[in-house]
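Student: A single structure is presented below for examination.
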């Protein structure tokens, strides 16, 4: 396992539509392990493959209650319900956080790290993570949802970003 460099805006890989993972082989397993280690090292809540420079449809995130890593390969959001205002940050946009609207409940489908089909229904922070990380795969960042510059805030030197928004 290795800690990979996290890409930051304006790196082009963050704005590209990622390609489907064609097969789950040893290189994908290594990428998954590296992404989990990188996410944990950066104290992030989630990470998408483009954030480590790999344009593939693969995301990892930590369950807030268990801190266990969840892996979704070729994820697709199939249902969104409700809305809630959230504060959100991104490891690829360091030093800032924004206020935006996300779904209260999100259902996504994809494959787990072993290639088994899975479906995840998340509420609250898990729904937010599913939306945020899956959008990375289409080149969409949370800042694209901000309605005005007033919704983007710089993190001061003494500010600590809440764990649930370090995505």
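In case you wondered, yes, glycine gets a Cβ from its N, Cα and C as well.
According to Swiss-Prot, the protein carries these features:
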| type | residues | note |
| --- | --- | --- |
| BINDING | 90, 132, 136 | Fe cation binding site |
| ACT_SITE | 133 | active site |
Student: Quick one: what's DSSP say for the residue listed as 'active site', helix, strand or coil?
Tutor: helix
Student: Calculate the distance in Å between the alpha carbons (Cα) of residue 133 (active site) and residue 90 (Fe cation binding site), and round it to a whole number.
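Tutor: The separation of the Cα atoms works out to 10 Å.
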Student: Tell me which residues of the chain lie with their Cβ under 8 angstroms from that of residue 136 (Fe cation binding site), as long as they are six or more apart in sequence?
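Tutor: Spatial neighbours, sequence-distant, of residue 136 (Fe cation binding site): 14, 18, 48, 50, 51, 59, 92.
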